[in-house]
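What TrEMBL annotates here:
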ACT_SITE  D:His243  active site, proton acceptor
BINDING   D:77-79, D:Ser106, D:Gln128, D:Tyr130, D:Thr156, D:Lys219, D:Ser241, D:274-278, D:297-298  FMN binding site
BINDING   D:Arg165, D:His243, D:Arg246  glyoxylate binding site
DOMAIN    D:1-348  domain 'FMN hydroxy acid dehydrogenase'
There are 4 protein chains.
Amino acid sequence: MAMVCLSDFEAYAKKYLPKIAWDFFAAGADDCITRDENILAYKRIHFRPRMLRDVSIMDIRTKLLGTEISFPVGIAPTGFHQLAWPDGEKSTARAAKAMNTCYITSTYSTCTLEEISAAAPGGLRWFQLYIHRNRAVSQQLVQRAEALGFQALVLTADLPYTGKRRDDVRNGFRLPPHMKLKNLEGAFEVCKISLLDPSVTWNDIHWLQSLTHLPIIIKGILTKEDAELAVRHGVQGIIVSNHGGRQLDGGPATIDALVEVVEAVQGRVEVYLDGGIRKGSDVLKALALGAKCVFIGRPALWGLAYKGEEGLQDVLRILQDEFRLSMALAGCASVSEIGQHLVQFSKL
Amino acid sequence: MAMVCLSDFEAYAKKYLPKIAWDFFAAGADDCITRDENILAYKRIHFRPRMLRDVSIMDIRTKLLGTEISFPVGIAPTGFHQLAWPDGEKSTARAAKAMNTCYITSTYSTCTLEEISAAAPGGLRWFQLYIHRNRAVSQQLVQRAEALGFQALVLTADLPYTGKRRDDVRNGFRLPPHMKLKNLEGAFEVCKISLLDPSVTWNDIHWLQSLTHLPIIIKGILTKEDAELAVRHGVQGIIVSNHGGRQLDGGPATIDALVEVVEAVQGRVEVYLDGGIRKGSDVLKALALGAKCVFIGRPALWGLAYKGEEGLQDVLRILQDEFRLSMALAGCASVSEIGQHLVQFSKL
Amino acid sequence: MAMVCLSDFEAYAKKYLPKIAWDFFAAGADDCITRDENILAYKRIHFRPRMLRDVSIMDIRTKLLGTEISFPVGIAPTGFHQLAWPDGEKSTARAAKAMNTCYITSTYSTCTLEEISAAAPGGLRWFQLYIHRNRAVSQQLVQRAEALGFQALVLTADLPYTGKRRDDVRNGFRLPPHMKLKNLEGAFEVCKISLLDPSVTWNDIHWLQSLTHLPIIIKGILTKEDAELAVRHGVQGIIVSNHGGRQLDGGPATIDALVEVVEAVQGRVEVYLDGGIRKGSDVLKALALGAKCVFIGRPALWGLAYKGEEGLQDVLRILQDEFRLSMALAGCASVSEIGQHLVQFSKL
Amino acid sequence: MAMVCLSDFEAYAKKYLPKIAWDFFAAGADDCITRDENILAYKRIHFRPRMLRDVSIMDIRTKLLGTEISFPVGIAPTGFHQLAWPDGEKSTARAAKAMNTCYITSTYSTCTLEEISAAAPGGLRWFQLYIHRNRAVSQQLVQRAEALGFQALVLTADLPYTGKRRDDVRNGFRLPPHMKLKNLEGAFEVCKISLLDPSVTWNDIHWLQSLTHLPIIIKGILTKEDAELAVRHGVQGIIVSNHGGRQLDGGPATIDALVEVVEAVQGRVEVYLDGGIRKGSDVLKALALGAKCVFIGRPALWGLAYKGEEGLQDVLRILQDEFRLSMALAGCASVSEIGQHLVQFSKL
């Protein structure tokens, strides 16, 4: 079977992963409307491609908070990579480094931050965190991440409680006994997500800033009001995200929410996006609407499920090639030429 | 089979109820467009969820005309509960009381008002009535309800004649011989809905007010014009309803009609809604658009069909959990924080 | 099989008619988009039903050019009724008279005008005509119709040439040898539609007026410009029609075109509609948007195919009952209360 | 099997062509959204047909840059006609000449320009070209075409690189060994599309103009900005095209893009369109929106696959008949009467 596009990896993963793992990765909240909208929304955006521009030399590099990456696609934080591939997050780290892009490592990794760092020394990594009821746990994680060279903290804002994913309830999903949330061992019992603190507010950003010199990115913003609050509280970046449609069903597609966030932010901080990226042209649409970079969640897991590190590189390479081609066909030779003039929302 | 969401109860009821009973409960008028629109319309409303608000302590209680209920979901008036469960409306009353919510008891109950009251003493109940050609029948029902402690009258305004439900015609639907419209026994022959008075007008509200001290809620309003008339005629509440799509096919989805009714009423009376509620997030959308409370019809019957009182409690508990979670994920810790800013109508 | 709604008759006709006849009646031009839009367009119109109006006494009668009919649904002109039922148009005439409504008799009848008149003496009938290259043919038909008591002429304006109906081409459709276009026998050879005159213009209305004292209705108008021309040329009525989607594929649904025609006409002549009527509530929508009456084409043929005169009466009776019920449920006791306030076009 | 409409030829070609050839012709980029939109977009455009106009004498001729053709449909440039029929482009040229229309011959022909010219001497042909890295190749092609009597050059602007057509990748598509890109033999190796120059800009139009006296048409324009640039750079015509949806997936349907291009051009040069034409009424819609002529790509190949020259004539004759009928039914007796008043975009 030729792996030509990301859907091929999805089909592979669906076929070969244990059902309970596939269901967990695929799950959306409730009726999965937001999960599916993340993808459908791209179909309502049309390009306005420009012709006869010199696209003989293509430059698809961009920078994340000043650090160059090979193209504007990183790895979104997702948990439990050992469910997809034995080496888990170590493979993810290696693939991201090989492709010279950013890997946002989840708190809910099945490898320790130390193992991940050792697997791909020097790779660009950000650390995703929640704020725990026991703040000492969060503090310890932040300090470990900083010491290990993670270059930013990504605070997930949309999970005061876990969304209702029906298949996980039906399957009685839990990690197999031989996998652990290794970053949290010792800190408290495994998988007790309820130990996250639902009382967290914007003021806790200040507390987090007091713990670290790392820049702070906030993930899960979907409105202009919250974007404004994020900027005012001194974050360095915003990830427009609905947690892959796994939290509040009925929330907007991220590509739709991006527009109002970008308009509110007015360039004061970098804005990123995750959710629904399946083709290089999706990346181009997100950049045209103001995202500095996008992050892929499920497609990265499909790549891991296919062939571990190598499979994830395949996924990234396909996206890279498609993105470069889309740019050229739209008349852009470098990411700096991408702008809102390239797209319009379909009336339909 | 795990009962995870309301659709599970629907599937159960469809499988285990006699076809004639399932068809009767499921029926919509004509092509069932309005029945189905009631549900589809929610998919066109997106949340604008807010992040990093303290949702550690959730308060989902609300008040109906001053009386507190555990969450803003009550039981809509539907007839013939014995078709779903042997104990019929007695089970419904018990479940509603156990869950501390309001049960609007239908005139077309298969238990008497007295039996229902005795089954769950002290429960919050409203009485749904029609105005009969023989006004003495209505008067007697109103007075019985008031004497039994029902706390409001719900006048159904959208049934001067019964809608055309094709399956009921095909099935030759009628109550099995061992079930009776017990509240009407003696008053006139069973099931002669044609004894309802199609000449009823707004003036009859005044007649009704002269019979009772109970507040009067009018059910079946779908336009701003009628909402204004309702307020002017001194009702205490309005239920935006299209009778579950069982009366005039082609009428608006209730969640769409809610907007214009709420705008017309301007807070002068409480506005409720029934029709299409299938998830906790539907409840949140209705409240965001101005409903004080919603009522469930078919899902309550599915719960009864599953396990009587216990099954209906399951349905209510699921809705309650989903509503609480949706609120938290949208950034609201109490119902007072829910407002129109939380939603927007999709352009699609 | 219970015949509950018009779709039941459609299913019967599809099952029992010879394929070539079914295909001919069902045919639309090209991709059948306009044929299907005629029906779909009704689903995009919502009612704004009004409550608590006295609908105890329902008056659904209307007048066509001053002549009362039992309800605002007549029989549209369609050809070849013997393909549906042996007695052909004689049965149609009897059913229309029995139901006290108007039957627009087609030039392409398989019974003569004389046979049709004799079958149902005193019935309200209009005569549909084309203008032939040989004007003497048209003149003779007009004079026969007038002498036989037809009360209006309906000039079909949308058939300078016959639309392309793919199935008819594939089937090599032609009348069976034992059926004749009896009104045209002697005048010229049967079925040579190409003898119609594609050079007809508005001036020919004046020629037609010079031949007859009958009022002239023009059928096939879809734009405000042509509606204005029709009024200026002194017609007494307009039938908004796209020939059941059998002529120009891609034309508007008639219910959509009705709006602009009614607005242009400003009450100067009566406006009718055919196309897509399948339920009583469709009739109500058309009247709310300004039609004085609607006409049914294919459903009449299904009724004939079911049981001849009796079947067509069944169809009309069902529509009558559904229309009366829809009116009542929308809060109208007589057709004079029906107005544009009753409907709105869905944003979707 | 009767060949009644273009879909019949499509079904034939799909059934009888080798899969690899069918897939190549059918291919669209990525998810084929733009390819399919090209067709779907016509369904969102409604006619406003006019009645009672003299359409007895129909004149469907038009002129391309002053040269008369029998009706406003030409053959778009597509490659590799021998994949569809052994005689390849020679058959295409004969059919186009027989039907008195214009054939835009592709650089990627499997017959030489000389063979094509000899096959149908005197036929109206334009030559489609790319600009090659080795400009001498382009120059030689231009001069050969001019010498052979091709009457215009069509510069394809939307292929700096080839779009990603998944099926071609999966199939490992390449020309069978016995077919050659004959116009390029000797110039460089066959099928190295990468020898096209992705650095081409608007300035190269001037270079092209310096080589030839032929008028230059630019193909692949989709925005008003590029339309303006094309006019300013002195082209004689614009083909609104998205390469049949084979290049940038997510670009607009051509019929949608036509509107903004026509508005920008303001009649200064002729505007044509290709993509999605499947019926005579599609041609009428394109002309109503300002196209001077349309070109068919895949339908021409289906005609070739059916019966070579004869099959392509069948396709053209069907389109011609349908176009003439659509015009008549819309009330236009000549193409000069076609205008924007004939159409409106559906709100849906």
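Even glycines carry a Cβ here, placed using N, Cα and C.
TrEMBL entries are annotated by machine, without manual review.
All features noted in TrEMBL, drawn onto the structure.
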residue	record	contacts (Cβ under 8 Å, 6+ apart)
D:Pro77	FMN binding site	D:Ile104, D:Thr105, D:Ser106, D:Thr107, D:Gln128, D:Val154, D:Thr156, D:Lys219, D:Gly297
D:Gly79	FMN binding site	D:Ser106, D:Thr107, D:Tyr108, D:Ser109, D:Thr110, D:Leu181
D:Arg165	glyoxylate binding site	D:Phe24, D:Ala27, D:Gly28, D:Ala29, D:Arg246
D:Ser241	FMN binding site	D:Ala76, D:Asp158, D:Lys219, D:Gly220, D:Ile221, D:Leu222, D:Thr254, D:Leu273, D:Asp274, D:Gly275
D:His243	active site, proton acceptor	D:Thr156, D:Asp158, D:Leu159, D:Gly163, D:Gly220
D:Ile277	FMN binding site	D:Val73, D:Val283, D:Ala286, D:Val294, D:Phe295, D:Ile296, D:Pro299, D:Leu319
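Same-chain neighbours of the glyoxylate site beyond D:Arg165, D:His243, D:Arg246, judged by a C-beta within 8 angstroms of the site's C-beta center, are, in sequence order, D:Ala27, D:Gly28, D:Ala29, D:Arg35, D:Thr162, D:Gly163, D:Gly244, D:Gly245, D:Gln247. Summarising the environment of D:Gly297 (FMN binding site), the number of other Cβ atoms within 10 Å of its Cβ, over all protein chains shown, is 21. Counting Cβ atoms from all protein chains shown, D:Thr156 (FMN binding site) has 22 others lying within 10 Å of its own Cβ. Look at D:Thr156 (FMN binding site): DSSP puts it in a strand. Per-residue pLDDT, averaged over the domain 'FMN hydroxy acid dehydrogenase' (D:1-348), rounds to 96. Taking each Cβ in turn and tallying the other Cβ atoms within 10 Å, the top scorer among the binding-site residues D:Gln128, D:Arg246, D:Gly275 is D:Gly275.
According to its DSSP assignment, D:Gly297 (FMN binding site) is coil. Mapped onto three states, the DSSP output places the residue listed as 'active site, proton acceptor' in helix.
Largest Cα to Cα distance within the recorded glyoxylate binders D:Arg165, D:His243, D:Arg246: about 12 Å as a whole number.
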